[in-house]
Amino acid sequence: MKRETTENGQKSKADSRRAANKAAYPASRPAGTPKPASKKPGLGGSGSASGRAALKPTARDAALKVLTHVEEAGAYSNLKLNQILKESDLPRQDAALATEIVYGTIQRRNTIDYYLAKLVTKGDKGLSKLQPWVLSLLRMSLYQLLYLERVPDHAIVSEAVNIAKRKGHQGISGMVNGVLRSAIRRREELILPEGLDDTKRIALQYSHPEWLVRRWIAQHGVDACERICAANNEAPHVSIRANVLRGEAAGLLEQLRGEGLDAQLSALSPAGIVVSSGGNMALAAGFAKGDYSVQDESSMLVAEALEPKPGMKVLDCCAAPGGKTAHIAEKMGDTGEVWACDLHPHKQKLIDEQAERLGLESVRTFVKDARELREEFAPESFDRILLDAPCSGFGVIRRKPDLKWSKQESDIKEIRSVQKSILEAVHGLLKPGGILVYSTCTIEREENEAAVEQFLKAHAEFKLDPIPAENWPDSGLGVQAPSGMIRITPDQYGTDGFFIARLRKE
């Protein structure tokens, strides 16, 4: 890995701060159906939670901190969760519970708020007047009552009341206790109404914003939209990509199984392995040694579509955190040049760390706005160009559920403008006969098929290039892509949603 001066003389930049924490996510989560009514006594009593040391944070303390930051400041849940867990130093089991509560509460927010409006005074207006931490406490407590079968009702209520007492006055703790007691008494009444149109029904049942459901029904149909929304509430698989410079996936699989892990080869990517047990694979020794990278199976297909060859010169326009950059370099046998660009110095550092960990020498990183890349290189400089474009991210809602609530419909047009600008800036850097791959982690047609179609109309020298079926020998994905475009939705293979288009310059 090298930090380089680009051809036109810009010096690469970097800062020294540590890379952002990787997203924490539980290995498994309940499918999402509310749990049955509990017969357990002791609601709101002085359960075990009150016997803990006063200053020692609990799993629910940590979860509440994260959810309040998300509600108040729009913080990224995955980054804030990792920060709070590190500060709290919770035991592993408690950290897992905090993670479950955070992601589950955000995933089910729409449905939870519908039920809460039936339980609090003045309904929706009453909810809107609550302090952010109180609203977050009620949401996370109701999530546990309705969706976490293994957590006793009395423990949920007891700790919620104790938290409310520590953070607020007696009136707040009394209100929290009353709302949660009412939820348990009226559990059988907490059902969704009948007779809703498809948009409202799916939005409430699977907890997605109505505007997004409306778009997906128009683009994919009612049945597909419902499957996608259901899949977005499932826990993501853990998958890793073997570093082929160290060995093939089959050999790594044998090693992992020898260590007692439940794993199998990916059906989508030749280098992929799905790990069903093993916790955070980024903390394992094999990751530190560079034997593999943690990457979703859909994301692995991008480098396969690019088909880089040894000795080529490749440009990765929006490269952070570097997973696809590394995959490209590995497929090239760490020969040639892989120029990896990102807008921010701290993200350049992430790419550098990936390359160093994997032992890659062909990666050259630099900082630049991708919309200005034509200033840095001579025309027709590259054999391959990857534009993994900035996007709405709606294919990775399982991993980042706050995307559902932080994005607005107007954001899509703004993002589309950026995508178009980058394509216009970089297409001239590709050699005749070269391949440009445009990819996103969204399932939005406006950012995907429509974006490619618009580009092709403006640039007759580019044509869709069918992605060879042999690149995915076991998946059948080649059948999906006779036109050179693949769209994968989260419900199809249990992977992230992704779009890949392969264009060849004549």
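Placed from the backbone N, Cα and C atoms, the Cβ positions cover glycine too.
Just so you know, TrEMBL annotations are computer predictions that nobody has curated.
Residues or ranges marked as region 'Disordered' in TrEMBL: 1-54.
Sequence annotations record features per position, and here TrEMBL assigns compositional bias 'Basic and acidic residues' to 1-18.
The feature domain 'SAM-dependent MTase RsmB/NOP-type' is assigned by TrEMBL to 228-506.
The annotation S-adenosyl-L-methionine binding site is assigned in TrEMBL to Cys318, Ala319, Ala320, Pro321, Gly322, Gly323, Lys324, Asp342, Asp369, Asp388. Around the Cβ of Ala320 (S-adenosyl-L-methionine binding site), the same chain contributes Asp342, His344, Lys347, Gln348, Leu350, Ile351, each under 8 angstroms and 6 or more positions distant in sequence.
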Measure from the Cβ of Cys318 (S-adenosyl-L-methionine binding site) and count the other Cβ atoms within 10 Å, all protein chains considered. 22
If H, G and I count as helix, E and B as strand, and all else as coil, what does DSSP give for Lys324 (S-adenosyl-L-methionine binding site)? helix
Residues with Cβ closer than 8 Å to the Cβ of Asp369 (S-adenosyl-L-methionine binding site), same chain and 6+ apart in sequence? Leu343
Determine the Cβ neighbour count for Gly322 (S-adenosyl-L-methionine binding site): the number of other Cβ atoms within 10 Å of its Cβ. 29
Cβ-Cβ neighbours of Lys324 (S-adenosyl-L-methionine binding site) (radius 10 Å): 28
Just checking a number: largest C-alpha distance across Cys318, Ala319, Ala320, Pro321, Gly322, Gly323, Lys324, Asp342, Asp369, Asp388 for the S-adenosyl-L-methionine site, rounded to a whole Å. 19
